[in-house]
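For reference, Swiss-Prot lists these features for the protein:
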- 388-395, 434-438, 488-491: GTP binding site (BINDING)
- 379-548: domain 'tr-type G' (DOMAIN)
- 259-281: region 'Disordered' (REGION)
- 388-395: region 'G1' (REGION)
- 413-417: region 'G2' (REGION)
- 434-437: region 'G3' (REGION)
- 488-491: region 'G4' (REGION)
Amino acid sequence: MKNVTVKSLAVEMQISVDHLVQQFSNVGFHKTARDYVTQQEKETLLAYLKYELSNTPLTLQRKTRSTLNIASTSGRSKSVQVEVRKKHIYIQPVAHDSILTIKENILPNNTQEVKNNAEASPKTKFILTPKQQSKIAKNNIVNNQNNLIKKSRQISEKAILEAKAAELKHQAEEETRRKVEEKARQIAEEARQFAEHNDSIWMTTPELAEDDTIDDNLSNYHYASIVEDENNRKIENERRTRGNKVSKQKTYRLSEFKKNREEARAVGRSSKSQSKRKSSTLMQVFNKPSQVINRDIVIGEMITVAELANKMAVKGSQIIKKLIQLGVMATINQIIDRETAQLVAEDMGHKVILLRENELEESIMKDRKIDSSVDNAESRAPVVTIMGHVDHGKTSLLDYIRSTKVVASEAGGITQHIGAYHVETDRGMITFLDTPGHAAFTAMRARGARTTDIVVLVVAADNGAMPQTIEAIQHAKAAKVPIVVAVNKIDKKEANPENIKNELTKHGIIPEEWGGQNQFVNISAKYGTGINNLLDAILLQAEVLELKAIRNGIASGIVIESFLDKGRGPVATILVREGTLHHGDMILCGLEYGRVRAMRDEQGRHLSTAGPSVPVEILGLSGVPIAGDEAMVVRDEKKAREVALYRQGKFREGKLARKHSAKLENMFTNISEGGILELNIILKTDVQGSVEAINDALEQLSTEKAKVKIIGSGVGGITETDATLAAASNAILIGFNVRADASARRIIDKENLNIHYYSVIYHLINEVTQAMNGMLTPEYKQDIIGLAEVRNVFSVPKFGLIAGCMVIEGIVKRHNNIRVIRNNIIIYEGELYSLRRFKDDVNEVRNGMECGIGVKNYTDIRTGDIIEVFKLIPIIKSSN
């Protein structure tokens, strides 16, 4: 076999070159890194290494784990994990006699042993020369002898050190004992001398002398205990510095003296001795920080006062004081917003770190990013919103467009009015949105203007611009949406389109023929006049706008309307803005999420896909979304659920914060609200937009005298839960385009609840206003109708005391209220129950006639009194 160098052998054995050279030197070969190694030398080195490994001591480590239950000061047991580690080293014992045997066997006959070992291990075949074998044996014998000598020296030195330590420890204990006894004797001698010096004074009052003796003994024991504790502390410090364990026997601590001291304390315990007694070492003591600690306060979107106080390590009352200084009234459990919490924390000297809690939402938005470059964009249909005042013909116009452009023979027909339609024309598709015209639906009109591309403003030619017409113009201008004016009802005789142009010019709507940018189209929704011209004007405006959208990609849109269907669950109408919505997509819609289980258009036809500008009705959401929420398709269902739950919690916290927020300037107003009457209402409507509109309208009815309180509101029919809540809260049930189910009707009949159904918002608002007026305490006006002067008083057995009177003014009627006036002072107010003229009962007596008047439950009538007769006229009150 070819020889190798020492360096290459070291690489092969995976050790350093220096270490391998040292191993060769131990065997007896002097090598360098560049020298060659023969096969025989390698075998010799291998045998040596094997021999060294056989003499390595075997070390065994054991770990034992256990649990100890330790009783704490509070009475609870505490579990402590204990681990015991044991280490054993196994070394083959080598006796002194065996050294000679090894020497005799190795020196002359080591060649045979090496040969036998080589045969026993066929993998390592080597031959040692006699000189090498003798050298190895001598080295081993010398090493064993040196190890034995070192061990014996270590044992002897350890024994000497332990003996010296024990002697020093004993001397220290004796010295401490001597000093303590000497100090105690000195204190006792001083006390005795002091007692002899004042013996004459103490003997005069034996009881006082006895008490003072006890106090003196206590004082002596107190001083002795201080000295003893000082000595114990010194011994403890010495023990810690030496690192030695103190003996468990504490005889050097004067146990007899401690026993006497405890007995003396039991005999005469006083408040002075108790205050001077040292506190237990187990007692926890809180040290107030010497300087203010500035912390890093992490604040999220919302935080309660208690949480902010915990983060700042201060009391909640300090936070409340600071909030009052800032003009905010808050309780310890109230939620405050991020800005207010930041002001409080920075004012108190802390550093504020604002937490971004919407990172998950941002990650979802990044994950669903699509290629929105202009090259991939395609032309899309315009979204047109029809706006105008109520009864100006918006819905009639939309119905005519649908009836002429939608094929009547399609199966299913129109199944549900969802407020959004798309129609096909010769020049392309148009999507229409219908918005209500009543003032209560302001939010819906604003939402429609934000969603739309073009606004068609319907104005009646016989009525002109009305408040909702002006409001629609304002919404369209705020959204920067072009306006096409449709002058409706031109078939009427009173129609005056030119007057409409003049009125709208005042609000910034100028016709094109007058140099403006707005198209005016004269139409008749009843007869279809000018409808095609209107559609052409809409498509022309869309071409000018150059509307484009990404068709291929993840879909996103906006919720136009939503409601709860009893058979299908939550239903949402979504207008797709970009991308393509597919059946089965996971969609995140405001506070709700879900998979699209079904999708259909405004005619009830099932769809598998929906592109941009197409309104669709989808099923499968976890709840009813809020109209106006943004809907987007996401890839991960888990992330969609987490984002929806986060938004729900954030919405709930914000709602709670708005509900409980009270400014300092409104404090006295809130305190004086006890006398305000409340009209509790539970509102259920057919669609989400109506809930918002009616809620706003009813809240605006609240006044200083009466307040409308919406206990609950929602979408869908009136259920048993709603009826139970109305019975518990004494509320009125209002259904807008919905009805109560059978179980709810049973509770309504049983509890005799007040329920009202409406389909027109005018009627709802008027009747709620009347109900608020009926809640107010009735007021009456006193109308004086007559005066009678008492001329004589006589008694009648049947009626009691009767006053003979002369009517001097007005008329006196039976069963009216009266006042008895004497010397211009009212002395009685009651009811007139008997009125006679001569012997006949009469209902009234006029001016200048005599009559007899019987006053109910009053007998102190005198001659000359004036009886004033008046009636109460109720005053019709208004809640305004």
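Quick reminder: no glycine exception, Cβ is built from N, Cα and C everywhere.
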Suppose you look only at the domain 'tr-type G' (379-548); what would the mean pLDDT be?
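Averaged over the domain 'tr-type G' (379-548), per-residue pLDDT gives 76.
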Could you tell me how many residues in the region 'G1' (388-395) are helical, how many are strand and how many are coil under DSSP?
2 helix, 1 strand, 5 coil
So how many of the residues in the region 'G4' (488-491) end up helix, strand or coil by DSSP?
0 helix, 1 strand, 3 coil
In sequence order, which same-chain residues at least six apart have a C-beta under 8 angstroms from Ile490 (GTP binding site)?
Ala461, Pro497, Asn522, Ile523, Ser524, Thr529, Gly530
10 Å Cβ neighbour count around Asp391 (GTP binding site)?
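Taking all protein chains shown, Asp391 (GTP binding site) has 13 Cβ neighbours within 10 Å.
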